[in-house]
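Per TrEMBL, the features are as follows:
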- 5-148: domain 'YWFCY' (DOMAIN)
- 16-37: transmembrane segment (TRANSMEM)
- 63-82: transmembrane segment (TRANSMEM)
- 94-116: transmembrane segment (TRANSMEM)
- 122-143: transmembrane segment (TRANSMEM)
Amino acid sequence: MNTGEDIQGLRKIVDFTRLISIFILAIHFYLCCYIAFKQWGWTAEITDRLIANISKTGLFKGVLMPKLFALLLLAVSLVAVKGKKDEKIQKNSIIAYLLTGLLLYFISSLCFYLYAPPKLIGVLYMGITAIGYMLILTGGGLLSRLIKNGLSKDVFNSENETFPQEERLLENEYSINLPAKYRLKNKVRDSWINIVNPFRGILVAGTPGAGKTYFVIRHIIDQHIKKGFSMFIYDFKFDDLSKIAYNKLLKYHQNYKVKPKFYAIDLENPKHRCNPLSPEG
């Protein structure tokens, strides 16, 4: 299963594979540029014995063999690279990175044919090879992301989870009709959420900023004032809903048989008040 632990474990394997690739390349640098390292004073007897035993495996025979093996491990590590959703990847950039990187990675061996001090040869060889390695890493990562994006067009299985929804507007004298959109067969279609009997109750829940007022409440206020209902609206902090109701009342006041009045009750500034327990209230 594609759980968090599986993803974490895969990431560790990928990182470890890449570290092995870098480790092989580092040993290759040490063996090929040993004279330069010795002149810099970066050699030790125990290190020489350890690397000598490793080199007996045949992996570090010649210049080409270890570089090919390091490149193979790098390619394996790039298979599991995960791409970003919104990243725009250019094929030309990938080709440029890979070709330039491969050219520098392998052409750096020509540095050993230069008539120059060992230190200079070592710096040039390791520098050019490292730059080529980094370019291959960058281009390979982009290529892996491009392939994955092409293979997973519908990564969330959205196409198989869509179904036809109500596209008819079903109205009556009490109904609340909420306009909506949904996706079907890679097309965005218009639909309606028809609440034909709102007296059964409507529960609107959501965190601040979720869109409760925009998608539901403002349509209820608009449609019920348009149909001639009286409304009692409570604003928790700001007078957002009251402003909507007031403007809709100005727009639809001609739909009322009796001209309605608009009252705003402010607990901090009580202009209008009544006692609901008193018959005269």
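The backbone N, Cα and C atoms fix where each Cβ goes, and this holds for glycine too.
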By Cβ distance under 8 Å, which residues at least 6 away from the ends of the transmembrane segment (63-82) in the same chain are close to it? 10-11, 13-15, 17-18, 20-22, 24-25, 27-28, 32, 105-106, 109, 112, 129, 133, 136-137, 140-141, 143-145, 148
In the domain 'YWFCY' (5-148), how many residues does DSSP assign to helix, to strand and to coil? 115 helix, 0 strand, 29 coil
When pLDDT is averaged across the domain 'YWFCY' (5-148), the result is 88
